[in-house]
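Everything below concerns the one structure shown next.
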Amino acid sequence: MDSQTTSNSRNSPTTTYREKKDGPTFTHHEHHHPSGDRMHEDASQLTRIGRYRGLLQPYFAEFLGTMLLVIFGTGANCQVSLSSNQNVSTSSKGSYTSVGFGFAVGISLGVWISAARSGGHINPAVTIALATFRKFPWRKVPGYVFSQLMGGIIGSALVYANYYHAINIYEGGSGVRTLLTAGNFGTYPLDYMTNASAFFSEFLGTALLVIIVFAATDPANAVPTAAVPILLFIVLLGIALCLGMETGFAVNPARDLGPRILTSIVGYGGAVYSFRNQYWLWGGVLAPVLGGLIGAFFYDILFFDGGRFKHALYRPRSDGFNGRSAA
């Protein structure tokens, strides 16, 4: 298998939410916090550490969810790519399909484990789309994005440590690091892809991802909350197997930039940033963010009955009622 193509896969994205002033959560119901006297009683019993833990828990959840996504995704990249060398393994361990499933498993588990406490974004493109179209608080966006980025760095560091000796063999020597194996962590488009085509591929994949995220969490669709990670598994697997070959389907700035930072730290150098005139920025960050915003825009303008476009779609009634009639 083409090691660059295999190593390019990644992803992803995502999330679940409800409409509230404080932003999305995994379900359309309230958090499982005690109410009334019990809430005050529990709050009074919290230590300072306990209060800090409660404040930081959403950010820890985003960190852990993104880390799981990157571990399973880049781990699949490494296993498939490195095992193609007979000095590493006597037989190949997987194929491009394995990479797609690795990232799909990663996104479903990452969202599942983080959703109840943070909304399960695990993707800056999703967080920014939610802040723009679903009233997720902008004040939380920097902390979410930082947590996601750190999850990408630590997740890829664990995978790098796991495959350290195999990478040495594949590269032909201890400490030799080239873009040949850097593609197991960050995304690098294939040589025949123009810059415009590479940008479009990442833009399109992320737009599709966010459309499914918004559809899965739209109350009108009545999707059971337990099914959302499964839907995200399906959409990311579909993006990987149908659209991911040419650029490696980053569709998630943290999933691409986090591992890219890790590779620059461990010896791959500045080439991971200078590739294709700073592809990391316009292909790995800007294309997913813009794609996510456009995907969210089209879902809301075409299907969502509330949100930013409610007043553009429904004329206020003379009795002061806004929105559609019960009929």
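Cβ coordinates come from backbone N, Cα and C, glycine included.
Per TrEMBL, the feature compositional bias 'Low complexity' maps to 1-16. The region 'Disordered' annotation in TrEMBL covers 1-41. Annotated transmembrane segment per TrEMBL: 59-76, 96-115, 198-216, 222-245, 257-275, 281-304, in sequence order.
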Q: Name the range, of those listed as 59-76, 96-115, 257-275, 281-304, that has the largest tally of Cβ pairs under 8 Å with the transmembrane segment (222-245).
A: 96-115
**Q.** Folded-back contacts onto the transmembrane segment (198-216), same chain, C-beta under 8 angstroms, at least six residues removed
**A.** 11-16, 123, 125-126, 129, 133, 189, 223, 227-228, 231-232, 235-236, 239, 243-244, 246-247, 249-252, 276, 279, 282-284, 286-292, 294-296, 298-300, 303-304
